[in-house]
Amino acid sequence: MDEDAANERNRPRASISSFILISIILFLLTSHNGDEFLARHHYQDALQALNHQLSNYTAWANGTASNFTMPEHDLTLPPLLDVFQIKGRTLNPLRESYYPNITGYVRGDAQFYNITPASLQKNDSLPWKSLAEQYMTGTNLTAAVEKASTWNWTASTKMVMNLHEKRPPLPSKQARMELVDEGTQETLLLEFDGVHFLSEGSIVGLVEPHGQALDIRLLPSIVPSEHMNETAQIIAPQLETKINKLKTMIDDGLIDNESTNDDDPKSTCPFTFHAQLHPASVPDKLMQDFESELQNPTGISTVKPPQLALSAVLLSKECGIVYEIHSTQTLRSQAFFSKMTTYGALSVFAYGIALLVFVRQVERSRTPSGVSRVSRWTFLVNATIDAVCFAGHITFAILAEGRASLALMATAFLSCILFIQEAQFAALIFQIQGPESTPTPPPRDDEAHASFFRFFIHHVRTDPQARLWIMMFLFLTVLVRVILSPALSLFFVIATYSLIWFPQIWRSAKKGRTSGLSAEYVFGTTFCRLAGALYFLTCPNNVLDVQPRDWAHWFALGVIFQACIIMLQERFGASFFLPHKYRAVVEHDYHPLLPLPDAEAPEKSLGDCSICMEPIYVNPSLMSKVSQGQESGVDGEGVGGGLTGSASGFLMHMGVGGSGRKEYSLAPCHHLFHTNCLEKWIAIKTICPQCRRSLPPF
């Protein structure tokens, strides 16, 4: 009965402060400051506007009274497009063909032209100046300046498109376009909606900056006149599809808060997009067979995929802007997912190796002596990298399809396992190395009158559960933002990868003790980490379309240099690169210079190990080098006789005998051991097995 009462008294009680802290974090995670309600209201307004557009357009198509009027064709536009060779033509199906479906990713160079009247007056070298002046007649220059806003049009030299094509009745296209500022790496996001005329290989569409309303009812007014009627017939079905999709999103609660951002847009210039596919030297029948096999694989043999390229022009009459899109590279969606599958498989291989070498290292270091050598910050940095990799891969696995999704999920699973293992090992290191830190000062007497902020800080410092919840909150709020921001992602890679081994180098030099990390773990982790980083920083056609960086190779050499320093510390000492006055004072050197046994003696050992009672033999190669040194005329009694006055001492000083010295360990009580035997003993007890005297850290 008394024992049960004692257990009841010793049972930990729920902390009211922990409950309050958890409630605050959950509130911060779930509170959106009314953004969701504003977004829902915005979606409902958009739905009402689409219904109004559909009713007016249907009335116009039926010839009844309507508020909608179709604009007239701009007759000055076709001559301007002819200058850029944007004009569809019918091919001979027995010799050439166009790609029937270009769903995928297009990127190319963008050449900017300012065709405002003021700029054209100063530019006499433009061969199509007269055509541009006719096209810009009647433009309101004041409105053009306001719509152009703050975006730097002259610095936008790259264009990226993500095209999605819908088939019958007339192939329509939807896309997201990005104009990339090469100087700041900022992007101007544009929305595209258009049609694809298969027989002529031409694409025409309307483009608006992201967040601006795109009225697809105007699409028939910009297509060639011979295609106006068939284009007008698909407008109503397209509007109905958008209305149904928006209704489903509102009913299911799929509200995108970011899409309703009320910040000032970078531009409000409306554009029209005109593109022409380059014909492929493949008969139309073989092209159709290739496309059918690509969409529904059956295993039949098809032609080699011809190169897919296009030329395009992006025009804005309201803002006086023309972009010529050239030197395009196109990647079909199927090829993209195949590339992503290959990337995922290689990532699984790299993370498998990283997990294997980590587990093997933990088995060697999971002792009080081994844990006291390593730095917890090294493992925390690696755990942070793995947490971001897990979040990134699982995000893209959700967006991907098929085998690519499975490969990315496998990579995310391995990175999650590695993150958990590294975090647990870092926590173990923190527990064992905790006494090294400065003790926490005693609480003050006026603690009862402390502010909430001081109470919160004190609670986080003293309550492990509170620290755990804080860390989870940071991972959920900060690291996910890192994935979604290209600038933060790049900064994160530089900061974390630059600090992989630096904390360990610093701790070893400060404590005067080597890390005990094996070359297998150090170089295995280094190369597996760099494999993923270098893929995105050096490969021009990576799956995320990250631009190569010129400094990536120097960055990799810096990380490899840190790994080499770790191994050199194991070989020459933890502070070998520091001047003598800055080196840590070593409490005891377990590997001093000992006289080597006589080469002519029958027993070649230094003595018997005090633990296993087996002889301690010196590396035979060291013996042979010492013998060679003695034969060459260098006199000396032994290793301890002087570093420069004996052959063996000279060889030891040059590092030849370093590996031999690691085979034995001499305790302060002058008992001799095998190094492996003493390491295993100190992992359990820190006293000499012979005389029971206390042993300093190994």
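Each residue, glycine too, has its Cβ placed from N, Cα and C.
Heads up, TrEMBL stuff is auto-annotated, nobody curated it.
Record features (TrEMBL):
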type	residues	note
TRANSMEM	12-30	transmembrane segment
TRANSMEM	340-359	transmembrane segment
TRANSMEM	379-399	transmembrane segment
TRANSMEM	406-432	transmembrane segment
TRANSMEM	468-500	transmembrane segment
TRANSMEM	521-539	transmembrane segment
TRANSMEM	551-568	transmembrane segment
DOMAIN	609-692	domain 'RING-type'
Query raised in the report: Of the listed stretches 340-359, 379-399, 521-539, 551-568, which one has the most C-beta pairs under 8 A with the transmembrane segment (406-432)?
Result: 379-399
Report task. Would you kindly list the residues that approach the transmembrane segment (551-568) from elsewhere in its chain, counting only those six or more residues past its ends and only Cβ-Cβ distances under 8 Å? Result -> 494, 497-498, 500-502, 504-505, 508, 515, 517, 519, 522-523, 526, 529-530, 533-534, 537-538, 576-577
Query raised in the report: Short question: which residues 6 or more past the ends of the transmembrane segment (340-359) have a Cβ under 8 Å from it?
Result: 393, 396, 400, 402-404, 406-408, 410-411, 414-415, 417-418, 421-422, 520-521, 524-525, 528-529, 531-532, 535, 542-543
Report summary line: If one takes Cβ-Cβ under 8 Å and requires six or more residues beyond its ends, the residues near the transmembrane segment (379-399) are 340, 344, 347, 405-406, 408-409, 411-412, 415-416, 418-419, 422-423, 425-426, 429, 475, 479-480, 482-483, 492, 496-497, 499-500, 503, 525, 529, 532
Report task. Within the domain 'RING-type' (609-692) only, compute the mean pLDDT. Result -> 62
